[in-house]
Structures are given as structure tokens and as C-alpha cells.
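Per Swiss-Prot, the features are as follows:
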- Cys11-Cys71: disulfide bond (DISULFID)
- Cys27-Cys117: disulfide bond (DISULFID)
- Tyr28, Gly30, Gly32, Asp49: Ca(2+) binding site (BINDING)
- Cys29-Cys45: disulfide bond (DISULFID)
- Cys44-Cys98: disulfide bond (DISULFID)
- His48: active site (ACT_SITE)
- Cys51-Cys91: disulfide bond (DISULFID)
- Cys60-Cys84: disulfide bond (DISULFID)
- Cys78-Cys89: disulfide bond (DISULFID)
- Asp92: active site (ACT_SITE)
Amino acid sequence: NLIQFKSIIECANRGSRRWLDYADYGCYCGWGGSGTPVDELDRCCKVHDECYGEAVKQGCFPKLTVYSWKCTENVPICDSRSKCKDFVCACDAAAAKCFAKAPYNKDNYNIDTKTRCQ
């Protein structure tokens, strides 16, 4: 679920960036999403959105699904025993790892999505 996603992000990025820094970044990080991602980090969010979309197609509710996971040496590890829980956790873990690797450009935070996300 979204609260766990916050924790997974903090696990993967070793506390180097607050999860809120990703909440309104580029065209896809945060609610909704459209257009062309502005950079690598925004592409991570687009892929995460698409992963959640696939979870919904499989009958899951990704924003509400509570799953089991642990943080081992800054690596989120999923540990659920059901299809939906594992799928959603994998979406979140992959996104968090992607966030940790991607450069953060503060100029892409809180952008004007109406003009930049066509």
C-alpha cells in the first residue's frame, strides 16, 4: 500500500532523500501522469504506474494491498505468500530501487504539468 511504498523508498535510498521529494516530481511521480517523462527518475514513476495498472488488471488493489517485506542492507525484499501481495510489493520494490539509482533534479520538482507533460 502507499504507506509501505513510502517505507520501501526510504529503505532503498538509505535515507538520502525524503519520500515526499518524489510525491510531486516530473510528469508521473505523484497522482496521475501523462506525457513524456522528463528524466530517468520520472521514468521510474511511469513504470511504477504501469506496474500498478497491471496489478489492477489482475484483480489487485495496489494502493490498498498490505504486503510483507523487510529491508536488508538497504534492499527491500518482498516476503508475501499471495499473488496480489507479491505483485504489488514487487512493483514498489522495483520503483524504490530505480529511485535510488536515478539522479534527482530539483528543477523537475513541482513542475507545471500542463505545459511540460504534453
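Sequential numbering from 1, following the chain as shown.
Using N, Cα and C of the backbone, Cβ positions are placed for all residues, glycine too.
Keep in mind that this is a model prediction, so the values were computed, not measured.
Here the features listed in Swiss-Prot are placed on the structure.
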{"residue": "Cys11", "record": "disulfide bond", "CB count, 10 Å": "22"}
{"residue": "Cys27", "record": "disulfide bond", "CB count, 10 Å": "23"}
{"residue": "Gly32", "record": "Ca(2+) binding site", "CB count, 10 Å": "9"}
{"residue": "Cys44", "record": "disulfide bond", "CB count, 10 Å": "25"}
{"residue": "Cys45", "record": "disulfide bond", "CB count, 10 Å": "22"}
{"residue": "Asp49", "record": "Ca(2+) binding site", "CB count, 10 Å": "17"}
{"residue": "Cys71", "record": "disulfide bond", "CB count, 10 Å": "14"}
{"residue": "Cys78", "record": "disulfide bond", "CB count, 10 Å": "19"}
{"residue": "Cys91", "record": "disulfide bond", "CB count, 10 Å": "25"}
{"residue": "Cys117", "record": "disulfide bond", "CB count, 10 Å": "18"}
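Between the CA atoms of Cys51 (disulfide bond) and Gly30 (Ca(2+) binding site) there is a gap of 14 Å, rounded to the nearest whole number. The CA atom of Cys29 (disulfide bond) is located 9 Å away from the CA atom of His48 (active site). In sequence order, the binding-site residues near Cys91 (disulfide bond) (Cα within 10 Å of its Cα) amount to none of Tyr28, Gly30, Gly32.
Residues Cys27, Cys29, Trp31, Gly33, Cys45, Lys46 surround the recorded Ca(2+) site, their Cβ atoms falling within 8 Å of the Cβ centroid of Tyr28, Gly30, Gly32, Asp49, which are themselves excluded. Straight-line distance linking the Cα atoms of Cys117 (disulfide bond) and Tyr28 (Ca(2+) binding site), rounded to a whole number, equals 9 Å. The two recorded residues, Cys11 (disulfide bond) and Asp92 (active site), show a Cα separation of 11 Å. Other Cβ atoms within 10 Å of the Cβ of Cys29 (disulfide bond) number 24 in total over all chains. Long-range neighbours of Tyr28 (Ca(2+) binding site) (same chain, six or more residues apart, CB within less than 8 Å of its CB): Pro37, Asp42, Arg43, Cys45, Lys46, His48, Asp49. Counted within 10 Å of its Cβ, the other Cβ atoms near Cys98 (disulfide bond) come to 17, all protein chains included.
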